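In Swiss-Prot this protein carries:
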type	residues	note
TOPO_DOM	1-65	topological domain 'Cytoplasmic'
REGION	1-64	region 'Disordered'
TRANSMEM	66-86	transmembrane segment
TOPO_DOM	87-113	topological domain 'Extracellular'
TRANSMEM	114-134	transmembrane segment
TOPO_DOM	135-143	topological domain 'Cytoplasmic'
TRANSMEM	144-164	transmembrane segment
TOPO_DOM	165-170	topological domain 'Extracellular'
TRANSMEM	171-191	transmembrane segment
TOPO_DOM	192-199	topological domain 'Cytoplasmic'
TRANSMEM	200-220	transmembrane segment
TOPO_DOM	221-227	topological domain 'Extracellular'
TRANSMEM	228-248	transmembrane segment
TOPO_DOM	249-290	topological domain 'Cytoplasmic'
MOD_RES	Ser262	phosphoserine
TRANSMEM	291-311	transmembrane segment
TOPO_DOM	312-328	topological domain 'Extracellular'
TRANSMEM	329-349	transmembrane segment
TRANSMEM	351-371	transmembrane segment
TOPO_DOM	372-395	topological domain 'Extracellular'
TRANSMEM	396-416	transmembrane segment
TRANSMEM	419-439	transmembrane segment
TOPO_DOM	440-450	topological domain 'Extracellular'
TRANSMEM	451-471	transmembrane segment
TOPO_DOM	472-514	topological domain 'Cytoplasmic'
MOD_RES	Ser497	phosphoserine
MOD_RES	Ser500	phosphoserine
MOD_RES	Ser502	phosphoserine
MOD_RES	Ser503	phosphoserine
Amino acid sequence: MVPSQEEPAAAERETNEAQPPGPAPSDDAPLPVPGPSDVSDGSVEKVEVELTRSTGNQEPPEPPEGGWGWLVMLAAMWCNGSVFGIQNAYGVLFVSMLETFGAKDDDNMAFKAAWVGSLSMGMIFFCCPIVSVFTDMFGCRRTAVLGAAVGFVGLMSSSFVSSIEPLYFTYGVVFACGCSFAYQPSLVILGHYFKKRLGLVNGIVTAGSSVFTILLPLLLGNLTSTVGLCYTLRILCIFMFVLFLAGFTYRPLVPSSKEKESEDSRSSFFSRRKLSPPKKIFNFALFKETAYAVWAAGIPLALFGYFVPYVHLMNHVKERFKDVNNKEVLFMCIGVTSGVGRLLFGRIADYLPGVKKVYLQVLSFFFIGLTSMMIPLCSVFGALIALCLIMGLFDGCFISIMAPIAFELVGPQDASQAIGFLLGFMSIPMTVGPPVAGLLHDKLGSYDLAFYLAGIPPFIGGAVLCLIPWIHSKKQREISKNTGGEKMEKMLANQSSLLSSSSGIFKKESDSII
C-alpha cells in the first residue's frame, strides 16, 4: 500500500497544534540543553547503561608478542635476578653474620641468623596479596617503582646496624616488602605483552635469578672477606637503584582500576549524579574455582623445606667438609642448572595444553624432595655438587611455569590476584622452615635431621597437585553440558514460538475466510 499525500499533511498539522505558541525555531538557533530537571531517572539509567556497555566491558587488547615487550622482558629479568639472586645467596651473608655478630657464649646464633633470611623470603611472598591489589589499582609501573625505592631504603639502613636484632626489621621487613612490591608486577606485566610465547618469556625472565645466583655468591664471598658485611650491603643497593629505573619500562596495556574509573568519570555525563558501588579489594571469588583452590593449597604444602638448603647449605659444608674453600660453587651449580631448567621447561610448558602444565611441577617437587633428603648422605664434595645440579634444574622447572598455570586456571584478568594469593600462602612455610632447621642444628649439632625432614613436604604437595587436571576437566565437562542444555532449551523455545506464530496466522486466515 502506497501512502497518500494527505497523511503527511495531517501529521504535520497535529505536530504544529501540539507545539506551544511562540516564535518558530530557526536553523541557527542553539538547541536547548536539558537540565537536571528535564531528564528523568529512567533516562539517566539508560545513558549509564549505554556508557557502561561502550566503555566498561571492552575486551583487553591482544598481546603484541614483541616490540616494547622485549624491553619489558629484560627489565623483569633484572627484577627477578636482583631480588632472588640476593635471597638465594643469603647463605654467604649467613656465614658473615655468624662471624660479625656471633658470640662464643651464644648457642642459638644459627637460629637467630636464619630468622633474618627466612623472614625476608617469607615477607616477599606474604606481601604479594597486598601487592596484587596495588597492581590492580595503580598499575604495574607505579607499584614496581615504589617497591624498588622501599627496597633501597631497607637495604641501605641494614648496612648501619651493629647487632643482628635490627636486621629483622630493616632486612627482613622493609627490604623484603620493597622486593615484593617490585617482584610481582614483573610477573603480571608479561601476560599483557605475550600470550603465545608466555612460557618461553617466563623462562627467560625467571632465568635472571639463575644468572645472579651464579655470580652473586662469588661477589658476596669476596666482598664480605675484604670490605665486611656492612659495605657489602651498601654495594648491593646499586642493584636496587637499577631496579628502580627498570620499573619505568612497565608501560601498561590493560588500564588499572584507577584509570578505568577516571575514564568512566570523563565519559559519563551523569557520573556526578549517581555513584557506582565500591569495588571489592580482594577477589575471594577466585577460591570458588576448585582447581585454583587446590593449587593454592598444594604448593605451600610442598614448600616447608624448600628454603632450607639456600640458608644452611653453606654452614653445613663448612662443618662437614672443612678442607673445602670454594663452598660458593654449590650455589653456582644451582644457578646454572636452574637457568637451564627455566628455559627448557618454560618452552616445554608451551606445548602442554591447559592445566596439564601442573604435571611439570609435580615432577619438580619429587626431585627437589629427593635431593634434599640425600644431602646428609654425601660423603664427598663432588656428590654434593651433583645433587645441587639436579636440585637447580627442577627448581627452575617449578618457578618458570607458575605464572602460566595461573593464567590457565583463572584467566588474564584475575591472574594478578591469583598469583598474589598463592605467593602469600607460600610465605608461611618458607618462613618457618629455615629457623626450625637452625634450631635442630643448635640442639643436635648437625643438619642431618633438618635435611631429612625438609625432603618430606615436596612429596605430599606434589601428590595434591596431581588432582588439579582431573578437577579442571570435570569442571569443563559440567560447563559444556550446561551450555549444551541451554542451547537445546533456546532451540525448543524458538520452535515453540514459530509454531505459535504460525498457528496464529492460520487462525487469522480461517477467520477471514469465514
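Just so you know, the numbers here start at 1 and follow the chain as drawn.
In case you wondered, yes, glycine gets a Cβ from its N, Cα and C as well.
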*Take the topological domain 'Extracellular' (221-227) and average the pLDDT across it for me.*
88
*Considering pairs 6 or more residues apart, do the transmembrane segment (144-164) and the transmembrane segment (228-248) have at least three CB pairs under 8 Å?*
yes
*Look at every Cβ pair spanning the transmembrane segment (228-248) and the transmembrane segment (66-86), keep those 6 or more apart in sequence, and say whether at least 3 of them are under 8 Å.*
yes
_Leading stretch by Cβ pairs under 8 Å, where the reference is the transmembrane segment (419-439) and the options are 114-134, 171-191, 351-371, 451-471_ = 114-134
*Using DSSP, how many residues in the topological domain 'Extracellular' (312-328) fall into helix, strand and coil?*
9 helix, 0 strand, 8 coil
*Which one of these stretches, 66-86, 114-134, 291-311, 451-471, has the most C-beta pairs shorter than 8 Å to the transmembrane segment (351-371)?*
451-471
*Could you name the stretch, out of 66-86, 114-134, 451-471, with the greatest number of CB pairs under 8 A to the transmembrane segment (291-311)?*
451-471
*Highest-contact recorded stretch vs the transmembrane segment (66-86), from 114-134, 171-191, 451-471, CB pairs under 8 Å*: 171-191
*Near the topological domain 'Extracellular' (221-227), which same-chain residues lie under 8 Å Cβ to Cβ, leaving out any that are not at least 6 residues past its ends?*
92-93, 95-96, 235, 328
*So, by DSSP, how many helix, strand and coil residues make up the topological domain 'Extracellular' (87-113)?*
19 helix, 0 strand, 8 coil
